[in-house]
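See structure below.
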Amino acid sequence: MVSIRLPDGSVRQYEHPVTVAEVAASIGPGLAKAALGGKIDGELVDTSALIDHDVALAIVTEKDADGLDIIRHSTAHLLAYAVKDLYPEAQVTIGPVIDNGFYYDFAYNRPFTPEDLEKIEKRMQELAKKDEPVSRRVVSRDEAVDYFKSIGEKYKAEIIESIPATDEIKLYSHGGFTDLCRGPHVPSTGKLKVFKLMKVAGAYWRGDSKNEQLQRIYGTAWTKKEDQEAYLHMLEEAEKRDHRKLGKQLDLFHMQDESPGMVFWHPRGWTLWQQVEQYMRRRVNDAGYLEIKTPMIMDRSLWEASGHWQNYRENMFTTESEKRDYAIKPMNCPGHVQVFNHGLRSYRDLPLRYAEFGSCHRNESSGALHGLMRVRGFVQDDAHIFCTEDQFISESIAFNTLAMSVYKDFGFDHVEIKLSLRPDARAGTDETWDRAEQGLREALTACGVTWEELPGEGAFYGPKVEYHIKDALGRSWQCGTLQLDMVLPERLGAEYVAEDNSRRRPIMLHRAIVGSMERFLGILIEHHAGAMPAWLAPMQVVVMNIAESQTEYAQSLAQSLQKQGVRVAADLRNEKISYKIREHTLEKVPYLLVVGDKEREAQTVAVRARGGVDLGVMPLDTFIERLRQDVQSFN
């Protein structure tokens, strides 16, 4: 007798072992038709999985997130099937699920063209309509190697040869195609109805630039056509908002080959940067942080003591001078510990909060670089809090409150919080980890926020809270972190004198709110589509004259605004006013002031707000008050 507990708490009993598909059929024909897989005691399996002992079972359908992952994984295999069918000489490699879709890497003797993608997608649709059953078989490693070698698939054979000889290998087949995979997969190809191939890109075998270059075909797959259409519309909107395009259009920054992964900030872009940095500086100063500055280049010995040289060396830029090895800092924490160590600290000094807009450099691979989002040189709004064990909960509460307030000011109202818990390989005792994890839970509870827990995702030296902001397109970006560190203070000899005169290690909290300033500015630009709120806009107002007779008046207006701290420019060119308005509208300036003879004589201005909104004619003082209220509403 096999007892199966369902999600609603009910229990079904079966005389003999049953498959997930048979359980679904016993519940009802609708569920049997909808079943894509199952979860046996939390493990995702195929509908063909046999149940021969008492378990908890959930039937997975397209309504579940796991169901969508199964569909996308199976669609990746369908893509490989279609490519092999159309181009038999192509070799398959790997094809995982990624956010919003999947990809598959191929080795082929010529580049795939857009016309090829159309042809492949059409063939995928034809194969899906055949509704071929998907079968799974388990073989030994050596059997799998021999099979893929026999059909000329050297990449698959190489993958399997790297697997321990004692491991069993799962092979999935549909029609004339067989692939290596952990699974699970849909029961038949007819379940794959909504998909689209997106693009082709280059990739290296096993991600190593020393290996052969492959072709990566990206695709997306969904359970409903309307979901796919919404996603494709989002991509179109994202293309319009691309910070690289807007950076050029708005004259904010540029990048060039002579300095890969580094940013050339133009005047307006640097003005935007300064608004963000000065805002952050005010907020951390108000929160009791002490701003410091640490060297960009430090001796190898310090990086060895911190552990970075051993564990992060390949991502560090290094140099040599006078027979000494140095590294350009990839992060600020070792330098902050040096400031803490400079002098004897007492428990009365704690908590000590050190903040730095620290310039860091990391040797990211050239293929990973992406505009402002992934750079080699960046500035972090970094800070480290040195505190006692009794203080770290209150410090965590204060940080969470500050971070959530900052995100709201920048226009991010939806923030997801994740708590990464202890990994298998870790420093410290279970008791220490228990206190650390529970302390962070207590802090988040006190803040009234909800969070998702990620078992095993913490760093080896402590648990971490992550802050993921959602932008206007619903995309999630991890920005803030609060990382508890139980290792670095010991490695670098940080200590304080406790109340009983003993020497103790401080708790160290690494924290950032926006993270990389470059990346955050890229997110901001895309979130606001370049139309920054008035308090952030690099140019808040442009004053324009209609004719030369108003030049002096327009200049005086601009000067008056500038004295009030407004970021303003005067456009006095001998151009049609419609041309000027259009040009500055494309620059996404929040307010345009137009002056003609009537406005000059009445000492007023005609005001146009961004979006072409005519606010009418008003005295300059009235406009300044309106602008002030606009700025204060955001900040």
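For all residues, glycine too, the Cβ spot is worked out from N, Cα and C.
Across the domain 'TGS' (1-61), the model assigns an average pLDDT of 93. Here Swiss-Prot flags 1-61 as domain 'TGS'.
Residues or ranges marked as region 'Catalytic' by Swiss-Prot: 242-533.
Sequence-distant neighbours of HIS510 (Zn(2+) binding site) (same chain, 6+ residues apart, CB-CB distance under 8 A): CYS333, ASP382, HIS384, THR481, LEU482, GLN483, ASP485. Under the three-state DSSP scheme, HIS510 (Zn(2+) binding site) falls in the strand class. Residues annotated as Zn(2+) binding site in Swiss-Prot, with sequence analysis given as evidence: CYS333, HIS384, HIS510.
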Shell list (Zn(2+); ref centroid = CB of CYS333, HIS384, HIS510; cutoff 8 A): MET331, ASN332, HIS336, VAL337, ASP382, ALA383, GLN483, ASP485, LEU488, MET508, LEU509, ARG511
Sparsest Cβ surroundings (other CB atoms within 10 Å) among the binding-site residues CYS333, HIS384: CYS333
